[in-house]
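*Asks:* Structure in structure tokens, see below.
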């Protein structure tokens, strides 16, 4: 339990840390990786190079400090972090390592301004946060291991199918190498895939949505190729596209994530996606259309038909289920793409153009796609009168969505 004095010191110094936050976090990662290079196996090094992980951690530290009197207000954020950590295999013994280098970085960047009293207060605050997260993650590991077909840590899977979905998205159907069943998951959850990157000399982990409904035998992930070279974003996705084939092995974590629909509800849902953001939506859609039927509206944006994954199966579903409406936006339609046949609207996704179809009583709204896309859709939904509590979103990688 933190004393009031500790809370007061943390709150009073939070603005100073926010001002120097990026420099502190940059210093922290450099310091920690020099002392513990094995942690590069957990962290996304592409996000490191772009500075996104540094920004996200700096923002998280400040948010925790600013809300230290009312940590319950961060419960949803902490839950998301715990799910992400569980998917990465973060262990309790790694928290002291992070704490040691974070506190040392605060001292080394701020110098004499970071007094012993300030460092002590932040050490207590960090310890409290670490205990909360480690406890949440322990529960997630136990739950994953105890359920039928579940496991904790990494499990070897065999690629049984590799199917191109578009020019840039490929689906992989994966079955356990041990021949056992796989755990069910909530529609919208993700798994982590761990691959060894020989040229880097360490493992890299990426999260991919499970893009099919649970079947107890296999998982399907749909991966967008993010073109890039060594050490840049997209290296892992390119490796999966180019080097992983049927019969090869991949290591998977159990399903995690808080972005999913309530399968017991019958109220309407509106799915809004951009690009590869449709992958969790497809899983949600398949489950929602099962008995009892519920109203579903799917609004999707892509550049054109060449990169529009799973187009035919979505169109088929819209013809089959009377309670399902599909709206497609192409912002760069090909000459062969015909409005009214291949897509409904030219341009970027604009929910105002379909507001008569998406403004439904008691509906929940799910957004997935690039961060700027999600921010735009989120703000437009608020402008249409949708409450914040009804809007849900998924961010893979550092969460740069919330300001």
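The backbone N, Cα and C atoms fix where each Cβ goes, and this holds for glycine too.
Quick paste of what Swiss-Prot says about this protein:
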type     : residues                                    : note
DOMAIN   : 1-138                                       : domain 'Globin'
BINDING  : 85                                          : heme b binding site
ACT_SITE : 95                                          : active site, charge relay system
ACT_SITE : 137                                         : active site, charge relay system
DOMAIN   : 152-262                                     : domain 'FAD-binding FR-type'
BINDING  : 190, 206, 207, 208, 209, 395, 396, 397, 398 : FAD binding site
BINDING  : 275, 276, 277, 278, 279, 280                : NADP(+) binding site
*Asks:* Enumerate the residues of the same chain, 275, 276, 277, 278, 279, 280 excluded, that satisfy the criterion Cβ within 8 A of the mean position of the Cβ atoms of the recorded NADP(+) site; list them in sequence order.
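*Replies:* Sorted by sequence, the hits are 209, 222, 224, 273, 274, 281, 309, 368, 369.
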*Asks:* Taking Cα-Cα distance, which of the recorded positions 85, 95, 190, 209 are within 10 Å of residue 278 (NADP(+) binding site)?
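*Replies:* The recorded positions close to residue 278 (NADP(+) binding site) (Cα within 10 Å), listed in sequence order, are 209.
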*Asks:* What residue among the binding-site residues 207, 279 has the most other CB atoms lying within 10 A of its CB?
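*Replies:* Sorting the candidates by Cβ neighbours within 10 Å, the top entry is 279.
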*Asks:* Which residues does residue 276 (NADP(+) binding site) neighbour through Cβ under 8 Å, counting only same-chain ones at least six apart?
*Replies:* 168, 169, 222, 223, 224, 309, 369
*Asks:* How many neighbouring Cβ atoms, not counting its own, are there within 10 Å of the Cβ of the residue listed as 'heme b binding site'?
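*Replies:* Around the residue listed as 'heme b binding site', other Cβ atoms within 10 Å: 20.
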*Asks:* Quick one: Cα separation, residue 280 (NADP(+) binding site) versus the residue listed as 'heme b binding site', in Å?
*Replies:* 19
*Asks:* I'd like the per-state residue tally for the domain 'Globin' (1-138) from DSSP, helix first, then strand, then coil.
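*Replies:* Its residues fall into 118 helix, 0 strand, 20 coil.
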*Asks:* Taking the binding-site residues one at a time (275, 277, 280), which has its Cβ surrounded by the most other Cβ atoms within 10 Å?
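*Replies:* Most Cβ neighbours within 10 Å: 280.
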*Asks:* Kindly assign residue 207 (FAD binding site) to one of the three DSSP-derived states: helix, strand or coil.
*Replies:* strand
